[in-house]
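Down below is the structure, laid out as structure tokens.
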Amino acid sequence: MKVCCIGAGYVGGPTCAVMALKCPDIVITLVDKSSERIAQWNSDKLPIYEPGLDEVVKKCRNVNLFFSTDIETAIKEADLIFISVNTPTKTCGNGKGRAADLKYVESAARMIAEIAQSNKIVVEKSTVPVRAAESIMHILRANQKPGIHYDILSNPEFLAEGTAINDLLNADRVLIGGEETPEGHQAVEKLSWIYEHWIPKQNILTTNTWSSELSKLAANAFLAQRISSINSLSAVCEATGADVSEVARAVGLDSRIGSKFLQASVGFGGSCFQKDILNLIYICENLNLPEVAAYWQQVIDMNEYQKRRFSQKIIESLFNTVSDKRIAILGFAFKKNTGDTRETAAITVCQTLLEEGAALDIYDPKVEPEQIIDDLTHPSVTESPEKVKKAVQIHSDPYSAVRATHALVICTEWDEFVDLDFKRIYQSMMKPAYIFDGRKILDHERLQQIGFHVQTIGKKYQRTGLLRSWGIVPQL
């Protein structure tokens, strides 16, 4: 069997790499219009960072895994084609800011219809709205050549960036949706056969196409909902003296609830959660379900509130002004073990501090400096890109980033931040030295013993400037 994947991004790359590793009898070609991206996949420096990905790619590349810009040949030769292109939120027109923009999916479908010379199984890998498969099939059949048959399947990914390789190797389930026809069942069996090379058959769930499409949106909505739920309680904890970590542990020990995704933080980010919930909201609005749309909108609103609230906590704690103060930002990716900055909470934090006149010293072990500057100078973030460039300095190590700063802000939960020499950091910072732990990963008691004024999420905090004027050292 020959497989083609259109789209060499965060989903297509790791998925095809693991598939090639586990299916030596299958030839997989990953194609993309970007020659630069394909050149990176064929080099020693891959276009995305994902733990374990390098090793898998190097083992399979040019054996049964190929990266190419020759989309036409790959489509012609393939028996099965994954569509794994970006589905961003629309930025203009009907559904602006909510609906998924399916222009890349449509483009891929039209390419397949134009190029295909034999029967194809076409698989939605991208996250799409419910009934998107119907649109793809309409395009394929409207341009169908005589004697060519298409089957459309939905096979959403359930990967978490930073653990994608492990998620693929040890998937708790694989979901395949297809048409409830004899031909549809045969197509499902063929895709299932690929996964059965390494996934137990009982972990492969088959549904109709529409259930599969909605399940992906629902999964991300549920995960984001849990984060917003615990973050909402973090505000209550700060106002009452409760500790959100203790609350989360008590709640998570209930077997009906579980402990995953109950870590309070500065907020969720990434390419999926917000985009998919906005898509779900748009679907609900168009189905005349305003109460359902409002319910899921609150998950987004709470996340934005949490990011703003944390940013304001920094300003208020620093005597209600950060003008001309240097602040170190440790971590810019939306989570650890990835270089992805899409919808990262760090952008909101940095934007707020820059608007208040702060100068920022930023360090992230995997995000390229150019990416950080691009994010902070984007028109949606600032109207003064040159001013931002002057106020932001990117560092190659955390110790240079914190030197002579007034405060240190943890925006990403990188493991290396836990093991930093905080005595050395304290000595190099301006006094009083502040730490704002937006990911709750540090030993706050030890930091206080060193001399830091520590603020975190989900513990009662007080206006430190006022208390200090009374000679009181604030506690967490």
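Note that Cβ sites are derived from N, Cα and C of the backbone, with glycine treated the same way.
Listed features, source Swiss-Prot:
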type	residues	note
BINDING	7-12, D32, R37, 85-89, 126-127, E161, 272-275, R342	NAD(+) binding site
BINDING	157-161, 216-220, R256, 263-269, 334-335, R439	substrate binding site
ACT_SITE	C272	active site, nucleophile
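Distribution of Swiss-Prot features across the structure.
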residue: Y10; record: NAD(+) binding site; Cβ contacts under 8 Å, 6 or more apart: I48, E50, L159, E161, A164, S271, D340
residue: D32; record: NAD(+) binding site; Cβ contacts under 8 Å, 6 or more apart: I6, G7, A8, G9, I38, F67, T69
residue: T89; record: NAD(+) binding site; Cβ contacts under 8 Å, 6 or more apart: G97, R98, A99, A100, D101, K275, L278, N279
residue: A160; record: substrate binding site; Cβ contacts under 8 Å, 6 or more apart: D167
residue: L217; record: substrate binding site; Cβ contacts under 8 Å, 6 or more apart: T127, P129, V130, D276, I277, N279, L280, I283
residue: A264; record: substrate binding site; Cβ contacts under 8 Å, 6 or more apart: I230, N231, L233, S234, V244, S245, A248, K440, I457, G458
residue: G267; record: substrate binding site; Cβ contacts under 8 Å, 6 or more apart: I227, N231, N303, E304, Q306, K307, F310, A345, T348
residue: C272; record: active site, nucleophile; Cβ contacts under 8 Å, 6 or more apart: T127, N220
residue: F334; record: substrate binding site; Cβ contacts under 8 Å, 6 or more apart: E161, F268, G269, G270, D340, T341, R342, E343, T344, A345, A346, T412
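In this structure, the C-alpha atom of E157 (substrate binding site) lies 13 angstrom from that of N86 (NAD(+) binding site). Taken residue by residue with DSSP, A264 (substrate binding site) is part of neither helix nor strand, so it is coil.
In this structure, N86 (NAD(+) binding site) belongs to neither helix nor strand by DSSP; it is coil. E157 (substrate binding site) falls outside any helix or strand according to DSSP and counts as coil. DSSP assigns Q274 (NAD(+) binding site) to a helix in the three-state reduction.
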